[in-house]
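As listed in Swiss-Prot for this protein:
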- ASP251: active site (ACT_SITE)
- HIS17, HIS19, LYS103, ASP251: Zn(2+) 1 binding site (BINDING)
- HIS19, LEU20, ARG21, ASN45, HIS140, LEU223, HIS255, ALA267: substrate binding site (BINDING)
- LYS103, HIS140, HIS178: Zn(2+) 2 binding site (BINDING)
- LYS103: N6-carboxylysine (MOD_RES)
Amino acid sequence: MTAQPQTLKIRRPDDWHIHLRDDEMLSTVLPYTSEVFARAIVMPNLAQPITTVASAIAYRERILAAVPAGHKFTPLMTCYLTNSLDAKELTTGFEQGVFTAAKLYPANATTNSTHGVSDIPAIYPLFEQMQKIGMPLLIHGEVTDAAVDIFDREARFIDQILEPIRQKFPELKIVFEHITTKDAADYVLAGNRFLGATVTPQHLMFNRNHMLVGGIRPHLFCLPILKRSTHQQALRAAVASGSDRFFLGTDSAPHAKHRKESSCGCAGVFNAPAALPAYASVFEELNALQHLEAFCALNGPRFYGLPVNDDVVELVRTPFLQPEEIPLGNESVIPFLAGQTLNWSVKR
């Protein structure tokens, strides 16, 4: 029997999908990311979405101003695609190094997505330009047709929208974000080097029974929603396979406690404080610790064409207790796994 490792040293990871919000929420949640992760792909779905180079530069400056002293962190900005976005704005931002990627939200698919795209074929000229300049397209992969069951929206998106995009633009780099289904995992595994996917800790650790059986747990509610166990197991198998098409993207999405614990609660899991220990715990359960570094720190940079980080982080087998809540002015934010203990801690 192989002895369990007591320490894990990996290249410093990056988070390829995060919501940092703005103002007081930004300054509250950012340190949990900037302490551990070197870079993060920052989602553009603020209340006023990031659709211009100027707004991206201003948001990046607000993020950098909130990074605590001693943390080395680079926010990678994204452009929010809309029905009327000017292709010139997109290409200028990418060529100037302001935009790392562009984000496609189908209109009304998730938080602050009302400005999203309602007619995806109508923005094919943008995709053509992105393919030409090598700019990645990040996709929230759910259809928004009210007639489609919420648990089926990701699988339907593959057939109706994603496959036609890939057929039309075969060399467009696409990240299928926060995948939640066996359909998506199989689709990415069957793809090529132009298709990647991020996977969150909550979708690896939990399924819809954890959220709904014995009482509703609003702090596990996110979009895309947790699916049945068979889908969870497929995601776990995908990351344990060692395929370089899957990489770390927490989709950490904080909301104030009262906005989660309400009669119509918001979607989003604030997992940044526990993200790396949570991923390590999953990979250990899967006997796949040999693939943890690639998932966290190598596959993402390779897909984006960016250098891997030079420095390392160390995980130690020391119990790590998640706080019950984190102060947010006069309110609070409830973190993922609140009050629970993980086997791994990041060595400070």
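Placed from the backbone N, Cα and C atoms, the Cβ positions cover glycine too.
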Express the distance between the Cα positions of ARG21 (substrate binding site) and ASP251 (active site) as a whole number of Å.
12
Indicate the candidate from LEU20, ALA267 with the smallest number of other Cβ atoms within 10 Å of its Cβ, considering only these binding-site residues.
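Minimum Cβ neighbour count within 10 Å, taken over the binding-site residues LEU20, ALA267, occurs at ALA267.
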Within 10 Å of HIS19 (Zn(2+) 1 binding site) (Cα-Cα), which of the recorded positions ASN45, HIS140, LEU223, ASP251, ALA267?
ASN45, ASP251
If you count Cβ atoms within 10 Å of the Cβ of ARG21 (substrate binding site), leaving out that atom itself, what do you get?
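There are 22 of them.
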For HIS178 (Zn(2+) 2 binding site), which of these recorded positions sit within 10 Å, Cα to Cα: LEU20, ASN45, LYS103, ASP251, HIS255, ALA267?
ASP251
Please report the number of other Cβ atoms within 10 Å of the Cβ of HIS140 (substrate binding site).
24
If one measures from the C-alpha of HIS140 (substrate binding site) to the C-alpha of LYS103 (Zn(2+) 1 binding site), what distance in angstrom results, rounded to a whole number?
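Roughly 8 Å, rounded to the nearest whole number.
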If you draw a 10 Å sphere around the Cβ of ASN45 (substrate binding site), how many other Cβ atoms fall inside it, taking every protein chain shown into account?
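Around ASN45 (substrate binding site), other Cβ atoms within 10 Å: 22.
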Within 10 Å of the Cβ of ASP251 (active site), how many other Cβ atoms can you find? Include all protein chains, please.
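If we count other Cβ atoms within 10 Å of ASP251 (active site), we arrive at 27.
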Show me the subset of ASN45, LEU223, ASP251, HIS255, ALA267 whose Cα is within 10 Å of HIS17 (Zn(2+) 1 binding site); these are the recorded positions I mean.
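Correct set: ASP251.
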